[in-house]
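Peer 1: Pulled from TrEMBL, these are the listed features:
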DOMAIN    190-386  domain 'Glycosyltransferase 2-like'
TRANSMEM  43-69  transmembrane segment
TRANSMEM  368-388  transmembrane segment
TRANSMEM  400-426  transmembrane segment
TRANSMEM  482-502  transmembrane segment
TRANSMEM  508-531  transmembrane segment
Amino acid sequence: MEGVSSAALLQETLQGGTDDIAFQASLIWDAIRGPVVVPLLRLSVFLCLVMSIMLFVERVYMGVVIAFVKLLRRKPEKRYKWEPMKDDIELGNSVYPMILVQIPMFNEKEVYQLSIGSACGLSWPADRIIVQVLDDSTDPTIKDLVETECHKWASKGIDIKYEIRDNRNGYKAGALKEGLKRSYVRQCDYVVIFDADFQPEPDFLWRTVPFLIHNPEIGLVQARWKFVNADECLMTRMQEMSLDYHFTVEQEVGSSTYAFFGFNGTAGVWRIEALNEAGGWKDRTTVEDMDLAVRASLKGWKFLYVADVRVKNELPSTLKAYRYQQHRWSCGPANLFRKMVMEIIRNKKVTTWKKVHVIYSFFFVRKLVAHINTFVFYCVVLPATVLVPEVVVPKWGSVYIPSIVTLLNSVGTPRSFHLVSFWILFENVMAMHRTKGTIIGLLETSRVNEWIVTEKLGDAAKAKASSARQHKRPRLKIADRLHLLELGVGAYLFFCGTYDVFFGKNQFFIFLFLQAIAFCIVGFGYVGTVVSSS
């Protein structure tokens, strides 16, 4: 009996302690809720609604511009002079400008043959083109393979140069900068850049270079990307939707209105004079391509986007590679904005409207507000209003604006319209990493210059996918698969959704549960392809 009494007493003590902790927590919550939580949450809702309106206006504006471009059929050939290149019997091949093709590489075992082969296959007079392979590989085996591939094409009469460095200073920007220092580059008029997974069509130069020849004010001609592995998995389809909007709308609007847009870092042709006048390549951020584009634009050079010229390339199909890429793409622009905003304001060569476009539309709304608002509003603030019913989000802010923005974003990829719901949920998850990257870039913290080359699988992806049908899915270590930030946000959203079911009145629980599931799926690593390390 004494044993039973002691056990019962211990249980009552523990129960009492738990009840006491819960009571104390309830008192603290009641004490800070009115004077602290409610005002802060109301302020957060107000700021998020302001950012939502900014995004909405920006999307509608770009939609209107695109509509006019399509209706008026304002193709590049109508806005700028374009004539096909013609042979000259007297001058011979000297009538053709000298072209430098740069291919920066870093341990590109799976795709080096594709990119080098495509570059060497470009149709242009053989004595008027130089292919320059900039190999920063640290794996000696891969370096030997790349060098052998270069020698193979050289034996076929291609003027190809294999260039290496004894360091990786500046990463891609450093390699491109060093490549332009070679003596043979002085004879070149234009430089074409292709990342290691890009495969241009043979007529790429015939379709782009004439714009530069006949329009001396143009400094850059940018082609569109075409994704060879968009159907590999659901994650690559989501990426295709986001990037198609970027090319179909954002790049086209910039080209058609202010003759400015961000250089995509590849599949573009630069006038070397414009590149040099802008100060050349700089490695102060992880978006050396955007840095160069902004500086060249401030010098008065115009950019042209040619949507009809498409260059095949590969989307990252593993979650790890995609997360690293998105960190770089969000951190870099934010850091560049911090470094260049005053330089843009003080510039005397461009119009005030162009400055407003670059600072407000290009940087502030698209590179900062879009990332921060997507995550903070829909994954933090909106769920929090479920727990604090005194704070109300108007329906136009929680339903109408995001619905219209989503529909406008979906115009880039009509074939994937049925996947819009999945795309929204996935974009909200990735917005967490983009927000983190944006804050790191603005504050210039330790990871601001982190550069990890996006993994490319090339033909290996197809081989592994085929193998996966016959063998078991490769397993990853638990530590490699679990992503605690996503799981933490997923748990928070699930809690808020459950609270809304039993005590709330907002009826956000359907969205909250679906978004929680999306975070957990990514958190447990069930997104993208899985490639074994063997």
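Note that the numbers count up from 1, one per residue, in the order the chain is shown.
Any Cβ shown, glycine's included, is placed from N, Cα and C.
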Peer 1: With Cβ distances under 8 Å as the criterion, find the stretch in 43-69, 368-388, 482-502, 508-531 that has the most pairs with the transmembrane segment (400-426).
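Peer 2: Checked against 43-69, 368-388, 482-502, 508-531; highest Cβ contact count belongs to 43-69.
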Peer 1: Using a Cβ cut-off of under 8 Å, list the residues of the same chain at least 6 residues beyond the transmembrane segment (43-69) that approach it.
Peer 2: 248-250, 252-253, 256-257, 361, 365-366, 369-370, 372-373, 376-377, 381-382, 384-385, 391, 393-394, 397, 401-402, 404-405, 408-409, 411
Peer 1: Can you work out the mean pLDDT of the predicted model over the domain 'Glycosyltransferase 2-like' (190-386)?
Peer 2: 95
